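According to TrEMBL, the domain 'MPN' annotation covers A:25-158. The feature region 'Disordered' is assigned by TrEMBL to A:262-294. Feature annotation from TrEMBL assigns compositional bias 'Basic and acidic residues' to A:267-278.
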Amino acid sequence: MANSMAKSFLQAAATEEVVSPLRVVQIEGLVILKIIKHCKEFSPALVTGQLLGLDVGSVLEVTNCFPFPIREEDEEIEADGANYQLEMMRCLREVNVDNNTVGWYQSTILGSYQTVELIETFMNYQENIRRCVCIIYDPSRSNQGVLALKALKLSDSFMELYRANSFTGEKLREKNLSWMDIFEEIPIKVSNSALISAFMTELESDTPVTQCDYDRLQLSSNPYMERNMEFLIECMDDLSVEQQKFQFYYRSLSRQQAQQQAWLQKRRADNMQRKAAGEDPLPEEDPSNPIFKPIPEPSRLESFLITNQIANYCNQINGVSGQSFNRLYLMKSLHDN
Amino acid sequence: MAADDHTVLQLSTPSTANLSAKVHPLVIFNICDCYVRRPDQAERVIGTLLGSVLPDGTVDIRNSYAVPHTESAEQVALDIEYHHNMVVSHQKVNPKEVIVGWYSTGLGVTGGSALIHDFYSREVPNPVHLTVDTGFRNGEGTIKAYVSVNLALGDRQLAAQFQEIPLDLRMVEAERLGFDILKTTAVDKLPNDLEGMEVTMQRLLALIDDVYKYVDDVVEGRVAADNSIGRFISDTVASLPKLSPSVFDKLVNDSLQDQLLLLYLSSITRTQLGLAEKLNTAAQIL
């Protein structure tokens, strides 16, 4: 009896849990308000904070959050930051808040959030938590009347590659991974407790038109578009720098190839002579010769990120243009009437 | 003017007369959340209010956190160390937020509240006490704010009285955005740009329809004409800029063309990216 129990326990421990894929992130209204407030207060500086909640099946529930203080570049502040985090978690635990870290949030300007630091933070979190998510909030789009909130997650295949730290062309081709596969966006659902919704409905009765409608119908979107284009152009410059690195690599690789061939020819010619003279042939390879040293292929990570970024900007431009079209046509028809 | 035993009860004068408080909805959310999560034996939740005092004297309440406490018929105990820890932590993030008062759930002010208020007045010169009625006892959720006013009889301090001050619920623009989302208990998906536009335009249409109906009603005599509304309507209609059709068309077309240009540029960029991607990873040496 005990044996079979022990075995089944072992078996249970040995079988891997089936991890259901993350399908939806469920956020509470409280968290959204807190994120908005924090990012707005400190904009244009970029801020971050921690998300707390529960991981249930295919839904990741985010029930609370707290902001991180802005870190200055100082050694002792590092320990302070960790202390602050522990302190906040402990205090929140005492008032029955779920103090389970499920990710972090950060603010961004015009969607320029794809950096290597983001990926590294993801990897750091991923080591401790099975599923973590990053929420990106863009306060600069809120005066266009849009709530720009996104939940991101690194895709699994990308994570494996990153751990192996190899971004060469063949590996990527093997996995069929392109720049679109780095980040996965997860749909967000918002939930509120009944008490809060009762309060809110009472505090602000349903007016036919709210302030955000006025914002959306505003005709001038030029400054926003201009900034977007500026960012886009900068990114293109970065991308072209990366491309040049690649070109340089290819060129030097082919030059090295040519040198190797030449050397090989010479060796063969020498060998022929030596054979004719009756001596031992020299080996056809010489690893100590510097022209045989393999040149490292530059990592493609940066270019992927930049490409992602550019795609993001393009999407944003598309979205805003769509809105502007709507507005212009609306104006036209109003005027005609 | 010797103080007499029979003098009238003096309320110390309102240096607090024009005091009012502004509350951000985040605070209400926080309070409700803490109430829902309270430990089972506690009837109400008590916590600290953070914010700032604006130059004209109004108290701006921006943030809050709950403080564990125990309460019985005779005494109230508050976890002071927790309170201090939280203040320090919060100030690390936002040094401008200071303690401005405290809150409790439940309607009305009890005896225990006076003690707690006393404690808070040692931290802050004039704390604001906010009550949030989560029990909806009056059939609605009442939120009231009080300050403590000293009652003096002549020279002697008698008691402190909680006097209500006007409360204003403010919402910042970004919060208004999410407001529709925040009102219901569940939203399946955050609306993206185009859907939001659609909703807005529908609302605008509804408004225009209402105005139309109103004007029709007035013309047909069904509704009494109200001059001020009439003036509003005529102002609005007059505010449409008077442009000749050709000029207006040119304006619209120019903007349209600009937008189309940008759209075209971004599509080209994306095509370029796709192409570069293929070339980069497909290239094989040797």
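Note: Cβ is positioned from N, Cα and C throughout, glycine not excepted.
Unlike curated records, TrEMBL annotations are generated automatically.
DSSP labels the residues of the compositional bias 'Basic and acidic residues' (A:267-278) in these numbers: 11 helix, 0 strand, 1 coil. When DSSP labels each residue, the domain 'MPN' (A:25-158) comes out as 56 helix, 40 strand, 38 coil, counted as helix, strand and coil in that order.
Regional average pLDDT for the domain 'MPN' (A:25-158) in the model is 77.
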